[in-house]
Amino acid sequence: MDGQFITFEGNDGAGKTTVLNRIIEILQPKLGNQLVTTREPGGNLVSEKIRNIIMNNEMDARTEALLFAAARREHLVRKIIPALEQHKLVLCDRYVDSSVAYQGAGRKIGKKQIADMNQFATNHVMPNLTIYFDVPVEVGLKRIMQHRTNEINRLDRQQHDFYIRVHDAYDEIAQSNPKRVVKVDATKPVNEVVANVLKIIKQRFPQYFE
């Protein structure tokens, strides 16, 4: 697989999806069908159905983790791997790191257990680059309440200490994977964050900007 796989990660309210959409607007005219954008959970028919189950139904924490892994596997083999085999640039909103942070740390299942489960599900396919959007928990939660009032799902309605655990897990992931994960200050104005992320991508993968 000679394509490049970039994931966007961070706490809820970090602004990663907003920035990703701006990046897509900038890159799409240049790259055309060489750019593939997707999200998790979801990204293809089966995975989107699993997403709907996860987002709108109360369930056991381990059931939730298994569903995320199942959706990820289907998404990977149906969409991500075929795109990478065609040398495309894949931008994905969330991936394995989200499960480690949210289910492993947030739900207290265990980061290693979730990481191991997802390595099985993905057969060790990991991103070439992960952009980690870092914001204090309080800032992220305030943004959710201000901007997503009409689409708050059950995963947005967690206790404060849940989000603290998630944020701490993301910091740990970034520290443990310095070659893959690049942290950006997502408290900055959106235009500044977009410019920073574009710069990171250009430096890492200049072939898409020639």
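Backbone N, Cα and C atoms are what each Cβ position is placed from, and that goes for glycine too.
All annotation found in TrEMBL is predicted automatically rather than curated by experts.
Taken from TrEMBL as is:
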- 8-196: domain 'Thymidylate kinase-like' (DOMAIN)
- G10, N11, D12, G13, A14, G15, K16, T17: ATP binding site (BINDING)
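Sparsest Cβ environment among the binding-site residues N11, T17 (other Cβ atoms counted within 10 Å): T17. For the recorded ATP site, residues G10, N11, D12, G13, A14, G15, K16, T17 set the reference point as the centre of their Cβ atoms, and the other residues of that chain within 8 Å of it by Cβ are F133, V135, G140, R143, A186.
Over all protein chains present, the Cβ of D12 (ATP binding site) has 20 other Cβ atoms lying within 10 Å.
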